[in-house]
Amino acid sequence: MEDVKRDINIKAKRTRYEQVKQIATAYLQRRNYPISPHEDIPIGQFKMFSHIENETSRPNSILYSCFNNDPVLFEQTFGKFLLWIKDLLKNNKKKHEDLELVIGPLFCHIYLEILRGGHTERASSFLKIHLPSIDRTKCDTFIQELINAFVSDSIDTPILKENFRSTKYSVELSHDSVMALKQYLSDAGHVVLLQVFQSWFFMNEKEEAQDENESMVLVGDPILCNGHIESPKSVNNSNSNLSLQKLLTAIDSVNSEPAPVYSVHLSNVKDRVTCGTLNRQQGFFAYSYNNTVTLRCLQTLQQLENTLTYGEVVLLGHHARVYDIRFFKKRKHLISCSQDKTIRLFDIENYEQKLLYKGHEHPVYCLSTCLNGNFFVSGSYDHTARLWSVTRNDTLRVFVGHTQQVTSIDFHPNCTYLCTGSADRNIRMWSIRDAEPIRLLLGSKGAVYATIFTPEGKHLVSSGEDRRLRVWDLVSAKQLIEFKIGSQPVTKLAVSADEKMLATGSIDGTVKLWNFDVLVKGSDEGSTIDPVCTFSLNHSLHALDYCFGTFGCLTSQCNATVKL
């Protein structure tokens, strides 16, 4: 009898537990809370997690959830802070002059916080009212660029904001300045000012100067500064100092030498190759002839070990000549455009056509993919460019403005702009959002065959039928430099990731490397600019890219083995 009662009690407890669980689950689902699966955790691990969670990251952590986004409060708080610094400098400027280093970055962070709250007009008012009080000479180069971007609404603003907010801003202050700032924040600083300082600033206190005898540096102990060897301040042995200087000179000379160009050559091809592309990051390259797209693997360690590979894969679908092929950097996809007016998206994992794009009224000449891997653009003989998605095959945007065929196209690194070069000798820069032109770059004396944005998005490089290279500043829309580059038109361009080198490739297979810093600075009229080095490949050039610290190219010779 007792056993029966015990079973009934257990069932009743389980029923109540299930009811509570069901009610709690329904409550969480109505409010879109994720329901975590049951997980068994050892007792020791559970204690460790509890100990970590109980640790406080900041002494006054209550501020973490007390953020106020009232723009009026921001303006008043910043104004009071400026008055406090002004009064402090009047009494003792030498003692607290380093506090002026805080004003510029604090101004930028408060402006961004007002924008983040959706108060665009208030942010503009804050910028106009307090900008004259910012001494830009007290700001570093980055803060100056960021403030200039705010004022001019530059296209670089999203990139600068992302870099600025990606980490805390480090300021080095004296002990007296740090104590004065802490005293102000505790006595008169509003909670919003405390939140900004604790979320976005890292205050370093300057160390007191050491005695000269304590700062002596031994020759045998190298000083590392940002990963580079720095010359010692005091050296007793002149011979050791000379040896160190020779070593630094040798390192600089080795680093200044350009890396060799990685070359993939197609020999004995059955028919003339019309286009090609490289994707060294994923280990593929592709080329086209006879209306087909051929996909092949680059040489890998497995091939070196004589293991089996699938050879080449032929992707069918086009009914006329293929003009351009592109890989996506973040997807295992490939796109191709053709004289048959279509664009085709292929999956290079299962070698199937995923989507067929129709919309252009004439042959499609050029393609460019977005860095995020979700979109691509195309240029056509019908004088237009079009924006497409990898998930649907209808046209998203149509860019109309050129009077002749679009011969080159490129996506801006921030994926919000694109540029097109045309046979009408003009280069246009467009906004992706509304398909409106925002820049018109004039000066080319022939069809523009190649255009490319630099990785940081501040400059545009173009070349074409007139055999001249041009570098443009996108903020001012001015041409920085123009010079003749050779006897053949340049059809391929590539810029290194650090923007120190530019590679140009001409029809005859000549690849030249240029010092991009020299090109950006410009040159006097009549002066000549020589390439850092020249590679004569003596074959048709189809692709030029930059990856793994080197430039790479794809060439072919009509008349089917691949040489790497």
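The backbone N, Cα and C atoms fix where each Cβ goes, and this holds for glycine too.
Listed in TrEMBL:
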type	residues	note
DOMAIN	69-198	domain 'TFIID subunit TAF5 NTD2'
REPEAT	315-356	repeat 'WD'
REPEAT	357-398	repeat 'WD'
REPEAT	399-440	repeat 'WD'
REPEAT	441-482	repeat 'WD'
REPEAT	483-517	repeat 'WD'
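Here the repeat 'WD' (441-482) has, by DSSP, the following mix of helix, strand and coil residues: 0 helix, 24 strand, 18 coil. Per DSSP, the secondary structure of the repeat 'WD' (315-356) breaks down as 0 helix, 24 strand, 18 coil.
Sorting each residue of the repeat 'WD' (399-440) by its DSSP state yields 0 helix, 23 strand, 19 coil.
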